[in-house]
Each structure stands twice: as C-alpha cells, then as structure tokens.
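First the structure, in the form of structure tokens, and then the observations on it.
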Amino acid sequence: MDLRPNQTIYINNLNEKIKKEELKKSLYAIFSQFGQILDIVALKTLKMHGQAFVIFKEIASASNALRTMQGFPFYDKPMRIAYAKTDSDIVAKIKGTFKERPKKVRPSKPVVTTDDKKDKKKKASNAENANPNTQSEQPPNQILFLTNLPEETNEMMLSMLFNQFPGFKEVRLVPNRHDIAFVEFATELQSNAAKEALQGFKITPSHAMKITFAKK
C-alpha cells in the first residue's frame, strides 16, 4: 500500500554493524543533497535495528530522495525507502529521544577564522611572488584535493557524496591523514562541476569541506 507523501522517509535494510553516530553522519551526507534536513532518527533498540527516519523540511525533498536513493547500495546493503506512516509517529520519537537537541540543522556558511584569512593572504602573496601572473587557485585538473575533513571520514562517505556527479572515477584517501583526500573525475569540466556544487559542504556541522584542484 502506497503511503501518503510527507516530509519524513523511513529507511530499512540498513547495515546493522554500523555505529549509530556514523550511520547518522553518512545518512546526512548523502541525503542533504535533496534539501534541508530537520533531523535524522536512528534508534539502536533491538526492534529498530537497521532502520532510520530522515525528516526533511519540504515534502518535495523527501519525494525526490525516495525516488533517487531507492535500492542505493549503502554499506553493501540496498536501502529500502518508504514514506513514514504518519508524521506523528516520528515527531513523538524525536520528542522522546532528542529533547536536548535543537531540531533544525541549518546548513550555515563555513566560518572563516582570522588564521584562515592570514593563511589565504600568505598563500596568495607566495604565489604572486613566485609568478606575478598566477593566482592562488590551482589550474583546472580532473583530480580534486579535499581538506578540512572530519576524523570519521571514510572512502564510502566521500564516494556517496561525489558519485552523484557525472564522470566520477574514484576516491583516494591519504594513509595516516584523515583530514585530506583526492577525488578523480574523467574530465576537468566534470571535476569543476562537483567542486562548485560541494564547496563548503558540511560532512559534520563543524567541518566545512574545502575543495581545490590538485596540483598537476
């Protein structure tokens, strides 16, 4: 039976071995492309194992996410997605489990600290000194260089984020460095489209991803 569209989607068949916090972060990373997410509920009780709810601000976002991500292989298991039975179910769950947290996760602009500004100025002046005609930005390259990644970033999370863009080839993590990674596309045009779309994307609320072209 088809359920009435609403802004909450219900996901099951999730990999039960994934820790709750990592699961929520990964779900946020792949579903926030569809619209503003108010909350993600993943309960680790025996009854709710392998299930989660994603609450969007708009019904259209939920509908788009349901259509696009149905059967998507998430941690090696295809996701099964449906509309939540009623809004009240999920609202009750949130009230019961998330009293201490604010409901809205607002995608805010990356905070630029004074240190960041100094670094940028320093890099810019270094680049100008080396060659007056160059700018601090690297020339286009089909390989992107990601920085300011959170500690729990993994290859799967980044692949999910970038494989929505045409020409995606692979993610390369750097051994012993959790904060940086490389993502390769087939062409410079395709890598630039992904760079523009995901610049400043927050994998976690405190980490806005920085994307530049890798050095050739």
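Keep in mind that glycine also has a Cβ here, set from the backbone N, Cα and C atoms.
Annotation comment: TrEMBL describes 7-86, 142-216 as domain 'RRM'. As annotated by TrEMBL, region 'Disordered' applies to 101-142. The compositional bias 'Polar residues' annotation in TrEMBL covers 126-142.
Residue counts of the domain 'RRM' (142-216) by helix, strand and coil are 19 helix, 30 strand, 26 coil (DSSP-based). With DSSP classes pooled into helix, strand and coil, the tally for the domain 'RRM' (7-86) is 26 helix, 23 strand, 31 coil.
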